[in-house]
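Structure first, then comments.
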Amino acid sequence: MLVGVSATIFTLQNKCENDIWPGIQPGAGKDNLRNGGFWLRPNEVVTINAPYGWSGRFWGRVGCSFDQTGKGSCLTGDCGGVLECSGAGGAPPASLAEFTVNSPNDFYDISLVDGFNVPISISPSGGTGMCKSLSCASDLNQNCPSSLQVLYKKRVMACKSACMVFNTPEYCCTSAYAQPSMCKPTNYSNLFKEACPDAYSYAFDDSTSIVTCTGANYLITFC
């Protein structure tokens, strides 16, 4: 950490009616914050200090059950059946809040490229530059096409991406479609974009979805 440079503070709050188990996956070689996961009750707030230059992603796990050793499972966003993800990512579909800080600016976005499971927002404070809030407040589970639904006891728990379901180059932006000029929005990604205009809806949706800021702290809100 550079001398005289303060860390970035991430504050996570749960405004959902149900418990959320945030997962945190650091970028390669970056610190594993809070061992990668914890329990967050409704209306609870947790503050996390990230070291200078940290990068990674946050997501909310839903419908989790863990024993005293931290082993168990989640209905959505599960990271290998453990409470503390310890560097592992969440199983899609999951709504993601992604960050790279002090590089030298901060870059952040909300991504639905891997699907949607819970509303999520990012609110910066104290920074300079284009430090705008991002929000995916709509519950996409309510309007998820039947072919993309993740069901549990007849309830829609999450909404898969078209890439995850159909696994074709045009939906996944791979092979001949692995460039922005070829991989265009689809009816499915447009549905995500209409519900959450601030979020990445597919792999090359970055021109309108990423924000640059400097020296901010960030509030991440579930629901």
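Cβ coordinates come from backbone N, Cα and C, glycine included.
Since the structure is predicted, the reported quantities are computational estimates derived from the model, not experimental observations.
As annotated by TrEMBL, disulfide bond applies to Cys16-Cys223 (among others). According to DSSP, Cys223 (disulfide bond) sits in a coil region rather than a helix or strand. Using a 10 Å radius centred on the Cβ of Cys223 (disulfide bond) and all shown protein chains, the other Cβ atoms total 17.
Under the DSSP three-state reduction, Cys74 (disulfide bond) is assigned to coil, being neither helix nor strand. Its Cβ taken as reference, Cys74 (disulfide bond) is surrounded by 26 other Cβ atoms within 10 Å in the chains shown. Residues or ranges marked as disulfide bond by TrEMBL: Cys64-Cys74 (among others).
Classification of Cys85 (disulfide bond) by DSSP places it in coil, neither helical nor stranded. Under the heading disulfide bond, TrEMBL lists Cys79-Cys85 (among others).
Counting Cβ atoms from all protein chains shown, Cys213 (disulfide bond) has 19 others lying within 10 Å of its own Cβ. Positions annotated as disulfide bond by TrEMBL: Cys131-Cys213 (among others).
TrEMBL lists Cys136-Cys196 (among others) with the feature disulfide bond. Cys136 (disulfide bond): 25 other CB atoms within 10 A of its CB, across all protein chains.
Packing around Cys159 (disulfide bond) is summarised by its Cβ count: 27 other Cβ atoms lie within 10 angstroms of its Cβ, all protein chains included. Annotation source TrEMBL lists disulfide bond at Cys144-Cys159 (among others).
Per TrEMBL, the feature disulfide bond maps to Cys163-Cys172 (among others). In sequence order, Val113, Tyr171, Cys172, Cys173, Tyr202, Ala203 are the residues of the chain that are 6 or more apart from Cys163 (disulfide bond) and have a CB within less than 8 Å of its CB. Look at Cys163 (disulfide bond): DSSP puts it in a helix.
Look at TrEMBL and you will find Cys173-Cys183 (among others) tagged as disulfide bond. Around the Cβ of Cys173 (disulfide bond), the number of neighbouring Cβ atoms within 10 Å comes to 19.
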Alpha-carbon spacing, Cys136 (disulfide bond) to Cys223 (disulfide bond), which is rounded to whole Å: 9
Residue pair Cys131 (disulfide bond), Cys79 (disulfide bond) - Cα distance, angstrom, rounded: 30
Number of other Cβ atoms within 10 Å of the Cβ of Cys131 (disulfide bond) across all protein chains: 19
